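*Asks:* Sharing the feature lines straight out of TrEMBL:
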type: DOMAIN; residues: 87-121; note: domain 'SAP'
type: BINDING; residues: N282, E313, D429, N431, D523, H524; note: Mg(2+) binding site
type: ACT_SITE; residues: Y389; note: active site
type: ACT_SITE; residues: D429; note: active site, proton donor/acceptor
type: SITE; residues: N431; note: site 'Transition state stabilizer'
type: SITE; residues: D498; note: site 'Important for catalytic activity'
type: SITE; residues: H524; note: site 'Interaction with DNA substrate'
type: ACT_SITE; residues: H524; note: active site, proton acceptor
Amino acid sequence: MNQALQLGFRTFINLSSFPVDPRKLGIGRLTPLRGKVMGSKRRSFSNSSSIADQNIDKKLREAIDNDNNTISDNPLLQDIKDDPSKIEAMTIQQLRTALRTAGIPPKGLKRELVSALQSYLAKEIDGAGESSLLADKQDPSSNSDKRISMMMETKSVEDQVQDANSFSKVSKVQQSRRTVKQLQIKGKTVDVNAKMVATEQKKSACASGRMTSLTKKKASSDVDSKYVSAKNRDTLPVNLSEPWTILAHKKPQKGWIAYNPRTMRRSLPTENTKFVKILSWNVNGLRALLKLEGFSAMELAKQENFDVLCLQETKLQEKDVESIKQSLIEGYENSFWACSNTRLGYSGTAIISRIKPLSVRYGLGMSDHDSEGRVVIAEFDSFYLLSVYVPNSGDGLRRLTYRITEWDPSLSNYIKELEKSKAVILTGDFNCAHEEIDIYNPAGNRRSAGFTIEERQSFSTNFLSRGFVDTFRKQNPDVVGYTYWGYRHGARKGWRLDYFLVSDAIADDVHDSFILPDVIGSDHCPIGLVLKL
């Protein structure tokens, strides 16, 4: 592994530059490990919109938008669509060949070619139906200021507000020089310019005791624990740098409110309470995440100070694992990785922990299910923890039958066996939005992978009906909070696909189950769980 990658991974887990607040945790060897940190260099990043993407010229964008070729007409494009992970591995010449085949001018550096090809695939997929949930994801750098401007001019008033929020990090010029036209809030039409927005943000930040940047929100893990009534939440100031605080749903029901981590997250338990803090994140390619400008994993670690981190869709190969393990700093030496053997650079899960597990297992013990590196199991003193990446039913629902008749029941039976000896925490990307509140456009996605009736029934039958509790929904029954947003959708029109499910026996010990919608770098955001021991 090259030096840059090693540095990137050190950045991912280095907690040395912030004060550690030791907790009295009831897990073997945990307390001494929490105090072990060592220094390392930090990497600095800019915003999440890459410079290369901003340089894609007008003709290339028009070609992507106007091209009439279809993927099904060409075997080369169809092959890429079936396995989108191939795009990142393609050479420049291969990328140019694919773009010419699609009728798109093959201009620019490799990143621009990759973004153009991914955008073309997304366009073709969108043509078949809005928001079809696929295993492949586009590069977040594919959104430029020009495209944002075009969307702002054509979308509805509600979408304009959401788009302005979603892209506040890459549209600083627009915020400072343009007027946000005629935003409708609660039926009243008001003119809001960038200066007023900035003023409101500063007022809001000062009221909470900290200054918040227009381009970056740095949250504290100790969020105000006071519960805010639905009425009060509705009257909170609209912060255009926090789009998730604006309710985004096609058909919201009475009483539904948007998830706001500033007000809905609970402060950590008191000093005398033993607890463990676990984060889970589908990173959609770990190496790509660590190289992404605008993302600093160090800041995430500083912000959350987690004990265990579960990852999904790492897209690592086995040959990479040892180098990564050697790069781990003191305090997080315990890491366990499952990689796909059948499709290299695909799927993959991991558990990184400052707590040494009692035992570790990989897979479900079934060859039919264990070739794609989708499960890692770590046993701790009082529970089993599983990091899981559930198979996507895929384009055309080609894996739906396998998903609901084989995978889900096998996983369910496996965790029920584990539960005979101790409680189970199951976390990861389940590739299923369980209820209509969990997806922006339920009516338009009845036959989309991730929201079919078959997948939703399977989720209920194999997990909820067998005694596992959806911790976020239990804590927030009427809250609209998403964890996945397709890059091709401008606004925060998302899905809740990532879960912490726990055995009913420890459901009441869950102190907090939360979402971190402000963390960028993947098409998913992290989720978290605080469990009292």
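From the backbone N, Cα and C atoms, a Cβ is placed for every residue, glycine too.
Annotations in TrEMBL come from automatic prediction, not curation.
A description of the local structural setting of each listed feature is requested, covering burial, neighbours and distances.
*Replies:* A 10 Å cutoff on Cβ-Cβ distances gives Y389 (active site) a total of 25 other Cβ atoms nearby, all chains included.
Remark: D429 (Mg(2+) binding site) has N282, Q312, E313, V388, Y389, V390, Y484, L497, D498, H524 as non-local neighbours, by Cβ distance under 8 Å and separation of at least 6 in sequence.
Around D498 (site 'Important for catalytic activity'), taking its Cβ as the centre, 23 other Cβ atoms fall within 10 Å, counting all chains.
The Cβ of H524 (Mg(2+) binding site) has 24 neighbouring Cβ atoms from other residues within 10 Å, across all protein chains displayed.
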*Asks:* Over the domain 'SAP' (87-121), what does the predicted model average in pLDDT?
*Replies:* 80
*Asks:* Using DSSP, what's the helix, strand and coil tally for the domain 'SAP' (87-121)?
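*Replies:* In the domain 'SAP' (87-121), the DSSP-based counts are 26 helix, 0 strand, 9 coil.
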*Asks:* For each of E313, D523, count the other CB atoms within 10 A of its CB; which of these binding-site residues has the top count?
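*Replies:* It comes out as E313.
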